[in-house]
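Down below is the structure, laid out as structure tokens.
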Amino acid sequence: MDFTHLDESGKVRMVDISEKKDVLRIAVAEGKIKLKEETIHAIVENRVAKGNVLATAIVAGTLAVKKTPELIPMCHPIPLTQVEIDFEIDDHIKAICRVKSRGKTGVEMEALTGVTTALLTIWDMVKSMEKDESGNYPETAIHDIRVVSKEKLEE
């Protein structure tokens, strides 16, 4: 099996994508955060002391998508055309990040970075509500982060 990020001598390198043509690329990633029931109610009712949790998570996730090549060394800086972050709320919060680009490489790492940062932002904003008496988070967990879909739409 060949690894595209390694040269013949095993040295790490960024893949050369200069010969690939620009096409529309779309990726969707999702992940979940498990929180206490009362924390979820506080988020929905906008009663969290730090402010509007979901709005802040959208901004943080969007910024993270834009910073992906600075955080993941072998990711190419690519021209993003759209970032959408949405939430589904049940007994947990599911974050969904959809990223579009017209470029030479896929956007799944950007979508994963966006969804992960949105979930981390939620945790940060409600951590005082989630801590137990010893300062730990026995019920809080981020899980099931995955790429739901990846498309390459050639004209």
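The backbone N, Cα and C atoms fix where each Cβ goes, glycine too.
TrEMBL lists 14-152 with the feature domain 'Molybdopterin cofactor biosynthesis C (MoaC)'. Annotation source TrEMBL lists substrate binding site at MET74, CYS75, HIS76, MET109, GLU110. Annotation comment: TrEMBL describes ASP124 as active site.
Neighbour counts of Cβ atoms within 10 Å were compared for the recorded positions GLU110, ASP124, and the top value is held by GLU110. Note on the domain 'Molybdopterin cofactor biosynthesis C (MoaC)' (14-152): DSSP counts are 50 helix, 45 strand, 44 coil.
For the binding-site residues listed here (MET74, CYS75, MET109), the lowest count of other CB atoms within 10 A around the CB belongs to MET74. In the structure as shown, the Cβ atom of HIS76 (substrate binding site) sits within 10 Å of 16 other Cβ atoms. Report note: the substrate site is defined by MET74, CYS75, HIS76, MET109, GLU110, and the residues of the same chain whose CB lies within 8 Å of the CB centroid of those residues, excluding them, are THR68, PRO69, ILE72, ILE78, THR105. In this structure the alpha carbons, written CA, of MET109 (substrate binding site) and ASP124 (active site) are 22 Å apart.
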